[in-house]
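What follows is a short report on a single structure.
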């Protein structure tokens with residue numbers, strides 16, 4: 001018995017060592033691109049063009065970061081990424097907020113105020129999660145044109161809200177499906193109305209799923225390039241489009257260090273959201289499946 | 001017309017009718033228990049009184065007002081749910097006063113009502129806690145507090161004790177009964193536990209397959225069950241049902257049963273009209289406590305009959321000893337005093353109290369009135 005036990009411990013140790021080595025290698029592999037971006041964004045250009053991309057900087061400089069933020073050539077204007085960063089914020093915040101609220105309302109209705117055909121409706125909404133973006137570009141452009149929203153940030157907000165509702169509804173519906181209906185009934189008897197129940201009973205218990213939904217929507221909308229490139233132009237473009245323009249438009253010398261700094265700047269907000277709320281992300285994804 | 005009037009109420013889901021013409025009038029201050037096995041329609045009926053389910057046809061009136069189509073919050077009812085349904089994000093105090101807040105009662109009045117109820121239920125020290133921090137019994141009290149604070153016309157209880165452990169359930173049962181006796185409120189209480197039904201109610205409606213099988217006081221239900229279902233559902237251990245034949249002897253109707261030894265036992269009926277059934281098969285129902293040892297028999301009964309039969313199993317329960325024997329082709333449980341010396345396989349002289357015996361028509365399963 002004791003022999004068998006010690007043997008199992010020994011094999012366990014070997015397996016564990018293997019797992020840790022594998023994980024270490026994998027994480028190094030994944031971190032490598034970021035390492036290269038970070039290292040090269042704080043080097044003078046001459047060090048990049050003249051030497052090894054993997055090498056640590058000999059002269060440390062934040063000059064490329066400042067340039068990417070406020071003075072680099074984006075398209076024809078030397079504005080840096082700053083105005084486009086605010087464009088993205090102005091687009092992301094309302095789009096995330098509206099799609100999350102609508103998703104929560106949809107989930108609430110689809111689980112607690114059921115009606116004939118509600119599962120079919122939900123199925124149709126789910127369908128929107130799986131439609132490739134490219135298919136809707138032309139109809140969407142037409143609709144934005146009719147609404148007089150083409151080329152504006154409002155148009156982009158609308159597009160992202162419409163696209164986001166599918167996922168946010170899915171999240172909230174599954175979360176609320178496990179929410180006890182007796183609570184809603186009790187609140188009805190207590191005299192609470194449709195929105196009072198939503199605001200006072202449902203929303204206060206929805207913390208984890210709100211976090212999941214916000215992270216998901218924020219990441220997707222912030223990182224979107226296709227809609228931004230298609231429906232917003234020039235000074236109204238979001239960060240991702242501006243980054244592309246920054247990289248494409250440099251005349252003469254390619255300022256790789258500025259490009260790297262710009263790319264990190266563009267990725268920073270999503271990174272921040274993950275770090276701040278990431279703990280809830282995994283917890284929330286599981287919330288629908290296992291109660292508690 | 002009663003204080004709570006359930007008038008010819010039916011409920012259908014599509015083509016399926018789950019409640020058939022239920023007719024119950026509840027007087028003010030009554031404690032009505034709806035009891036039956038799961039799926040009998042008792043919770044559906046309760047939800048219809050609450051307004052959480054539509055009424056397919058018929059009328060429900062509360063305090064002289066027809067409430068069909070009236071929103072639950074405007075029916076002046078309060079409900080205690082099986083899962084308690086306490087709002088997890090609110091404190092106990094907020095849970096109790098939420099209904100008042102929704103009805104626009106000003107804060108000072110809400111606080112006063114909350115404190116009165118908390119005092120009554122002895123939950124004052126819990127008012128600032130969240131439901132998640134409470135034990136089952138405490139949650140139960142809070143749920144009752146939430147109902148009490150509204151001062152409604154009718155209280156609705158949906159299996160409120162079934163989530164508690166056995167001991168706590170008995171304690172809370174007594175609490176509810178005390179509360180009812182103190183406040184004299186009208187209560188409709190749903191349970192599948194026939195002991196809860198017997199102990200709490202002033203009247204019981206036994207339901208099965210969407211029909212009210214019998215409506216009556218606990219004593220009526222227990223002593224004169226309307227049919228075989230009510231007889232076997234109410235009481236623990238259940239009423240013994242035996243195959244018997246009515247025979248006339250000395251001008252009196254007797255039940256003829258096959259004993260464990262294959263002989264014939266003749267038990268005289270107290271009901272004279274059983275003579276109309278002379279020569280016919282019936283089902284004889286006798287409760288375990290009416291088949292005893294001779295010293296344990298009811299002295300006030302005028303119709304106690306001796307019966308020799310073989311014991312199959314003895315089950316000492318401490319307070320009593322339950323003895324199984326074979327009579328009329330069925331296993332029959334009898335209830336003896338705890339210290340009667342009995343053992344399996346022996347012959348024993350039982351005393352059968354035929355005053356408490358009831359007879360059922362085998363064809364309709366209805367009790368033969370006597």
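Keep in mind that glycine also has a Cβ here, set from the backbone N, Cα and C atoms.
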(request) Tell me which range among A:49-70, A:225-246 TrEMBL lists as transmembrane segment. (result) A:225-246
(message) Can you tell me which parts of the same chain pack against the transmembrane segment (A:201-219), counting only residues 6+ beyond its ends and a CB-CB cutoff under 8 A?
(response) 92, 95-96, 99-100, 103-104, 108, 112, 160, 164, 167-168, 171-172, 175-176, 179, 183-184, 187, 192, 269-270, 273-274, 277-278, 280-281, 283-285, 287-288
(message) Check for me, if you would, whether the transmembrane segment (A:258-282) reaches the transmembrane segment (A:18-39) - at least 3 Cβ pairs under 8 Å, residues 6 or more apart in sequence.
(response) yes
(message) Within the same chain, where does the transmembrane segment (A:225-246) have neighbours whose Cβ lies under 8 angstroms from its own Cβ atoms, ignoring anything closer than 6 residues to its ends? I mean 6 or more beyond.
(response) 68, 72-75, 77, 81, 83-85, 87-88, 91, 133-134, 137, 140-141, 144, 150-153, 155-156, 159-160, 163, 258-259, 262-263, 265-266
